[in-house]
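Below is one structure, written out as structure tokens; comments come after it.
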């Protein structure tokens, strides 16, 4: 029999389902031993909850498809995002639908005690895997920011897959064996089959909260704190147009390396690298222009000195081929004039003067075009040798810039996870140690649980909003577009020189000038 009414203890409309009965000799005989009534809450609640489930499943499936099908997303961070999306899919496919039915039935469990244990185990598995995946992602971002050049050597596909496997093994150990613990430590929770209550064992709640949330949360905050410090230092260097380099000092037979801040002394080496079309306030760079292939303008290092001896082959095509720039002597400020472009084929450019030695070596890159008014200036003294594979370093710097752009999106994902799950992992231990502290414990538990579940729906929305690569991938998948090759502004071998971050200054186009000031 169905009856519609209003629960006196709740504001929601409900539908009451009662078992069929028969009357014999003024005696009521129930046809089943199930609970006498199931209160179904308002249908709009069901529509809302199952819409959340559908969005969660669809969004995370889209993330998995995007990373698997788009080459530009298949990187170590992309594999971690797939692992995170799988954890969110578990929430959307198993945990959220069962919890939705539990809410719609007005907190009446319909699936039996065994499925209640499976429900809690899958919930713990997914939430633990999510935060540990985010922890690995944050450590990955920290390593990429600390050592962008050596990052690709340290973080391989095999190591990332091993880290992902470790995350899931840890999550499974914490969740499914916990069923035995729950039944042993909390047998009173299994007396009523219409209820699905989580264990109140203080030891398990404390241990699981520590491993599932607080330890990875500490590692995440530590890693992103370091990332923030590194990014702040680099952004300051970019605004100043200065890059810190390592200085090697030799005292007799012993040699030690010291890294010093360029901003602290005028006698320390300063490297400025500029490209773009914006105006430069400095008069020494105003008329400088460097053409690298077709689209990138790069103003290379400037070195002021008295004399320049170039032992190179001069051609009439006014180009510079594969320069090997080597300054062997530092010098005082003076001007260098050039009336035409020159061609150096694997030769040295020797800067001679009476100052302390300065050495700069760049391995031979591809063909470039150097305009007649371009300058190369590096302040003296600099006593170090840097041998760089410029093509490879340029590619690595392109990846680094791309990864740093992705780091912002991932930091938002981490922030959303912390905001969504912190209430649950604060409330659950409190209720285990102080049952009388909350008068409406069931309502609060429902709220904090669904706040955590909503995080699984938010992640794909964050990707589509803050990640240009994911937004493009989602658009291509949903509209059945073929992947188009993306043009990049960093295609020249010397587009990014000298590792890590550089000073970027834009300059307006100026007519060629035959002299350098």
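The backbone N, Cα and C atoms fix where each Cβ goes, glycine too.
As annotated by Swiss-Prot, N-linked glycosylation site applies to 25 (among others), with the evidence given as sequence analysis.
Here Swiss-Prot flags 106 (among others) as N-linked glycosylation site. A 10 Å cutoff on Cβ-Cβ distances gives residue 106 (N-linked glycosylation site) a total of 18 other Cβ atoms nearby, all chains included.
The annotation region 'Disordered' is assigned in Swiss-Prot to 309-339.
Annotation comment: Swiss-Prot describes 1-46 (among others) as topological domain 'Extracellular', evidence class sequence analysis.
The topological domain 'Cytoplasmic' annotation in Swiss-Prot covers 68-77 (among others).
If you look up Swiss-Prot, you'll see 99-108 (among others) marked as topological domain 'Extracellular'.
Annotation comment: Swiss-Prot describes 130-159 (among others) as topological domain 'Cytoplasmic', evidence class sequence analysis.
When pLDDT values are averaged over the topological domain 'Extracellular' (181-209), the model yields 85. According to Swiss-Prot, the feature topological domain 'Extracellular' maps to 181-209 (among others), an assignment based on sequence analysis.
Residues annotated as topological domain 'Cytoplasmic' in Swiss-Prot, with sequence analysis given as evidence: 231-409 (among others).
The topological domain 'Extracellular' annotation in Swiss-Prot covers 431-442 (among others).
Among the features that Swiss-Prot reports, topological domain 'Cytoplasmic' is placed at 464-517 (among others), with the record citing sequence analysis.
If you look up Swiss-Prot, you'll see 47-67 (among others) marked as transmembrane segment. When Cβ-Cβ distances below 8 Å are used as the criterion, the transmembrane segment (47-67) is approached by residues 73-74, 78-79, 81-82, 85-86, 88-89, 91-93, 96-97, 100, 103-104, 453-454, 456-457, 459-461, 463, 470, 473-474, 477-478 of the same chain, each at least six residues removed from its ends.
Look at Swiss-Prot and you will find 78-98 (among others) tagged as transmembrane segment, backed by sequence analysis.
The feature transmembrane segment is assigned by Swiss-Prot to 109-129 (among others).
Positions annotated as transmembrane segment by Swiss-Prot: 160-180 (among others).
Marked as transmembrane segment by Swiss-Prot on the basis of sequence analysis: 210-230 (among others).
Look at the topological domain 'Cytoplasmic' (68-77): DSSP puts its residues at 7 helix, 0 strand, 3 coil. Helix, strand and coil content of the topological domain 'Extracellular' (181-209), in residues and according to DSSP, is 17 helix, 0 strand, 12 coil. The DSSP breakdown of the topological domain 'Cytoplasmic' (130-159), given as helix, strand and coil counts, is 24 helix, 0 strand, 6 coil. Residues 38, 83-84, 86-88, 90-91, 94-95, 98-99, 101-102, 167-168, 170-172, 174-176, 178-179, 182-183, 190, 193-196, 198-199, 208, 211-212, 421, 452, 456 of the same chain lie 6 or more positions beyond the ends of the transmembrane segment (109-129) yet place their CB under 8 Å from a CB of it.
Counting residues 6+ beyond its ends, the transmembrane segment (443-463) has Cβ neighbours under 8 Å at 52, 55-56, 59-60, 62-63, 81, 84-85, 87-88, 91-92, 95-96, 99, 103, 107, 126-127, 130, 409, 412-413, 416-417, 420-421, 423-424, 427-428, 431, 470-471, 474 in the same chain. Sequence-distant contacts of the transmembrane segment (410-430) (same chain, six or more residues past either end, CB-CB distance under 8 Å): 77, 84, 127, 130-131, 134, 137-138, 141, 198, 205-206, 209, 212-214, 217, 220, 224, 227, 437-438, 444-445, 447-449, 451-452, 454-455, 458-459, 462-463, 466.
Sequence-remote contacts of a segment are chain residues at least 6 beyond its ends whose Cβ falls under 8 Å from one of its Cβ atoms, and for the topological domain 'Extracellular' (431-442) they are 107, 200-202, 205-206.
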